[in-house]
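S.K.: What TrEMBL lists as domain 'Nitrogenase/oxidoreductase component 1' is 28-414. The [4Fe-4S] cluster binding site annotation in TrEMBL covers C28, C53, C114.
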Amino acid sequence: MNAHASIPATAGCGVEIRQEYGQRAVFCGLTGIVWLHRKIQDAFFLVVGSRTCAHLIQSAAGVMIFAEPRFATAIIDERDLAGIADMNDELDRVVGRLIERRPDIKLLFLVGSCPSEVIKLDLSRAALRLSKSLAPDVRVLNYSGSGIETTFTQGEDACLASLVPDLPSEPAEAATSLLVVGALADVVEDQFARLFAEMGLSDVRFLPARRANEMPAVGRNTRYLLAQPFLTDAARALEERGARRISAPFPLGAEGTTRWLQAAADAFGVDPKRFEVATAPGRKRASQSLDHYRERLGGKRIFFFPDSQLEVPLARFLSREMGAELVEVGTPYLHRAHLADELELLPRGTIVNEGQSLDDQMDRCRAAKPDLTICGLGLANPLEAEGLSTKWSIELLFTPIQGYDQAGDLAELFCRPLVRRTRLEV
Ligand code: SF4
C-alpha cells in the first residue's frame, strides 16, 4: 500500500497538524464490547461474525467460564457462506435460544463484523424483526464493530449512536438538563454525579445508563458533555434529537477534570464560589497524587502511535501536568471541533499526526528513540525488543482514568513501563 502525507497545517493554537495515509495497525470495534458489557448490566452483545471475531473478544475479555458472560459470537460458517442455510433463520434461532435461556437480558445488540458486512447481512432489518417478536421484554439494536477502516474505540461510538434514536423524548417544557456521554466506570460516574450535585446540578444523566430501562431522555433542552473524545456518531445522533454540546477538554488529570467540570458549571450558571468549594478537595487530592509521579515523568520524551483516539487529551495531560515532552502525537482521527479545547492547551509546535502510515511512523519512532511509546498491542513487542519502553493504549480504556481520584492511577500507568525498564537495565 502506498503511503503519503499531506502538507502540514498549523492550527490557530500553534499545533502542527499533519495527515498521513497508508498501512494501519489497530484493533477493530468489537473490542469495545469488553468494557461496554460491564457497563450496561442487562445488555447482551451478540457478535455476528467469524471464529476470528469470537477469538478476538474472548482473548481481549479473558474468558469467564465460571460466569454467565454477556457477549457471544454467532459464527457465520461455511453453510451460511455457501448460501445453504438462511442466515436470518439461523440468527432468529440463535437469538430465540439465547433469550429463552437468559431472561435477564433486556437489551440485545447485534454487532456486525467484517464477515457479516462482506456478505451484506442486513442486521438493522434483523434487529427490527427481532425487536417486534421479542417486545416488550427485550429491545434489539444493531451496530457495526467491523474492523474495515475503523479503530477500536469506534465500537463504543457506534453502540451509543445506536441507542440514541431509541432514547425517550424530553418534554419541550422540561428544564435544561445535563447529559454526560461516554462509558465511564461506575466508580467514576458516581464521583462525577456527587461533584455535579455539590455544584447544584442535580438533574444529571449518563449515557449509557447502567440498565436498559434507565436510558436518559433527550430533547432540545439537553446540554451534553462528552466524557470520551471518540464519540463522533453518538454526538451527531444526539444533535439530531435537539441536544447541544458543551465544548470542553476531557476529564483526564486534575486540570482536564477541572476544565471539564468548569465548562458544565459555566453552561448552567453555577456560582464560581460554589464551584470552587465543590472542586477544591478533589483538585487537592489529584495534585498531591500527581506530585508523586512528576519526577519520574518530567522531561520524558513521549511518542504516541495512533490507536485509541485518546491520544490528544493524554498528551495534554502528560505535557502540562507531568512536564513530559511530546515527540509526536499520532491519532487515528482528529475531530477538530470536539478536540478544539484540547488542541488549544497543547504546547506550541506540538506535532499532531492524524491517520497512519505504519512504516514511516515506525521509522520516525526508532529515529527519535523516545523514553516511552504509547501504541497498540501489535507494535509493543517489536518496539520493546528494540529497547524502547511501551505502554499499551488499550489499557487506558480498560482502567478507570477519568476524574480527580483517578489522576494518580493515570500517571502510574505511564510510569510503570519506565520503572520496569529501569529494573531490567539494573
Ligand atoms: Fe477481525 Fe473484522 Fe472480526 Fe474484527 S470484526 S475480529 S477485524 S474479522
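Heads up, the Cβ atoms here are built off N, Cα and C, so glycines get one too.
TrEMBL annotations: computationally assigned, not manually curated.
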S.K.: Just going by other Cβ atoms within 10 Å, which of the binding-site residues C28, C53, C114 has the emptiest spot?
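M.R.: Among the binding-site residues C28, C53, C114, the lowest count of other Cβ atoms within 10 Å belongs to C114.
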S.K.: Whose Cβ lies within 8 Å of the mean position of the Cβ atoms of C28, C53, C114, the [4Fe-4S] cluster site, other than those residues?
M.R.: G29, L30, G49, S50, T52, L56, S113, P115, G145, S146, G147
S.K.: Give the helix, strand or coil assignment DSSP yields for C114 ([4Fe-4S] cluster binding site).
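M.R.: Its secondary structure by DSSP: helix.
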S.K.: Mean pLDDT for the domain 'Nitrogenase/oxidoreductase component 1' (28-414), rounded to an integer?
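M.R.: Mean pLDDT, the domain 'Nitrogenase/oxidoreductase component 1' (28-414): 92.
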S.K.: Using DSSP and collapsing to three states, where does C28 ([4Fe-4S] cluster binding site) fall: helix, strand or coil?
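M.R.: C28 ([4Fe-4S] cluster binding site) sits in coil per DSSP, no helix or strand.
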